[in-house]
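Please read the structure below before turning to the comments.
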Amino acid sequence: MEFPFDVDALFPERITVLDQHLRPPARRPGTTTPARVDLQQQIMTIIDELGKASAKAQHLPAPITSASRMQSNRHVMYILKDTSARPAGKGAIVGFLKVGYKKLFVLDDREAHNEVEPLCILDFYIHESLQRHGHGRELFQHMLQKERVEPHQLAIDRPSQKLLKFLNKHYNLETTVPQVNNFVIFEGFFAHQHPPARKLPPKRAEGDIKPYSSSDREFLKVAVEPPWPLNRAPRRATPPAHPPPRSSSLGNSPERGPLRPFVPEQELLRSLRLCPPHPTARLLLATDPGGSPAQRRRTR
């Protein structure tokens, strides 16, 4: 695939790795360096054209690879250039491979759901005129070494029949594990996968959470505290030297002393008459201007 600018100068290496920042690779010493904005624009043009060519080859309604998608996702793109062909001294692009990590729910051979985050093949394209020349295997092998993964550990997003034949021919990937999504995984995918931790659904909070562990909960199940007021700790008071006698009545408090005997009303009034008045009461009667001795006798 040719472009109106110098691809060989833009991509010094045979295989260039681009991330979401789309930064131009380091320039060779002694080469003319255009403005950085122009270099990034050229990279975006290459990515857009490669995405359109890949969508056309796979009969997709719209490209799944573009510069805007690369900038908004944490994907990695491997671009292979043709070092032998230099039309008009500008170089050419052979193809590309786009990968990225994704969280997936996949089924194993026992049809159990597993939450994994494998490296996924998201898009793969080699120019039609350069296929069956070993370029695809070279690009794929470079990606495996760079990402440090094995072919059976990959998940492929909507692979074409050409890609499935390619993987079967070069990496002996044939037996697939049926899935309910658009990703394809092969036998041996779970060989190096750690078993996922079983997560229980969160429970609705009921009241305050008590700060004790599960072992403390088991202990509390054995030693159940009695209800109030039986759970109140008794007060340790110093017993008196001569404790008062307790009443045998069930309605009286055990701490209350014996009641005084009942006094008849007539005897109570007689004792009040014989009781001498208080000095303060005498003073009030003496200072009362309207009170006569006769009236005081009648009121008494």
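Cβ from N, Cα, C; glycine included.
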Subject >> 28-48, 196-216, 280-300 - the range that Swiss-Prot marks as region 'Disordered' >> reply: 280-300
Original post:
Going by DSSP, is Phe124 (acetyl-CoA binding site) part of a helix, a strand, or coil?
Top reply: strand
**OP:** Check the recorded positions Lys56, His127, His133, Lys146 for other C-beta atoms within 10 angstroms of each C-beta and report the one with the most.
**Re:** His127
**OP:** Note down the number of other Cβ atoms within 10 Å of the Cβ of Leu164 (acetyl-CoA binding site), including every protein chain shown.
**Re:** 16
Subject >> Packing count at Gly136 (acetyl-CoA binding site) (other Cβ atoms within 10 Å of its Cβ) >> reply: 22
